[in-house]
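Enquirer: Not my notes, these are from TrEMBL:
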- 18-99: domain 'Manganese/iron superoxide dismutase N-terminal' (DOMAIN)
- H43, H91, D176, H180: Mn(2+) binding site (BINDING)
- 106-209: domain 'Manganese/iron superoxide dismutase C-terminal' (DOMAIN)
Amino acid sequence: HLSRGLAPALGYLGSRQKHSLPDLPYDYGALEPHINAQIMQLHHSKHHAAYVNNLNVTEEKYQEALAKGDVTAQIALQPALKFNGGGHINHSIFWTNLSPNGGGEPKGELLEAIKRDFGSFEKFKEKLTAASVGVQGSGWGWLGFNKERGQLQIAACPNQDPLQGTTGLIPLLGIDVWEHAYYLQYKNVRPDYLKAIWNVINWENVTERYMACKK
């Protein structure tokens, strides 16, 4: 039973394809001056790549444990699966949530939903910024969709815990507040990074995600 619950999340284990690092939809320097090229290059080609590699290694070990029926080994691998799988899921969303043509406000149904659930776009921005600033150590601030309630919700997740896998909320917009996401440019001043990131948020992508989960 243990293994069955996890299998869909990993793609079918029997004919598993290796995960690969997705290409960025823009150049490393495209988000300057808000996020510099050096950060983007390290973040994508080193940090995200490491999550992908470690996820593949972990899944291979997990497959061996499944084949042997070794439940203890399966359980022992789950933290590495959550960390590296979460890192891969989170960053794959993050890159598409950003755009050199981003910033401003969303339009249409997403903006209406934000006003309905948070009072105004400004209040929403304050809330998500506060949740992201407030993450202790490393983690993420998220705008998610609660399918049961049909509502937008803000959440913070520690480390690389993936939003949907740990809270059930569908991820729409993620803000990475690991120091590797901003330190080379903003040093330890996370609020300055958070102020800047709003200039490159890709609202078209966030809106697409919102419309898709409302179907």
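Every residue, even glycine, has its Cβ placed from backbone N, Cα and C.
Note that the structure is a prediction, hence the values are computed from the model and not measured.
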Enquirer: Could you give the mean pLDDT over the domain 'Manganese/iron superoxide dismutase C-terminal' (106-209), rounded to a whole number?
Expert: 98
Enquirer: Within the domain 'Manganese/iron superoxide dismutase N-terminal' (18-99), how many residues are helix, strand or coil going by DSSP?
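Expert: For that range the per-state counts are 59 helix, 1 strand, 22 coil.
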Enquirer: For the recorded Mn(2+) site, enumerate neighbouring residues of the same chain (Cβ within 8 Å of the Cβ centroid of H43, H91, D176, H180, site residues themselves excluded), in sequence order.
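Expert: Result: H44, H47, H48, F94, W178, A181.
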Enquirer: Report, as a single number, how many Cβ atoms besides its own are within 10 Å of the Cβ of H180 (Mn(2+) binding site).
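Expert: Looking across every protein chain shown, the total is 13.
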Enquirer: So if I draw a 10 Å sphere around the Cβ of H43 (Mn(2+) binding site), how many other Cβ atoms end up inside it?
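Expert: There are 23 such Cβ atoms around H43 (Mn(2+) binding site).
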Enquirer: Treating G and I as helix alongside H, and B as strand alongside E, what does DSSP give for the domain 'Manganese/iron superoxide dismutase C-terminal' (106-209) in helix, strand and coil?
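Expert: The domain 'Manganese/iron superoxide dismutase C-terminal' (106-209) comes out at 54 helix, 24 strand, 26 coil.
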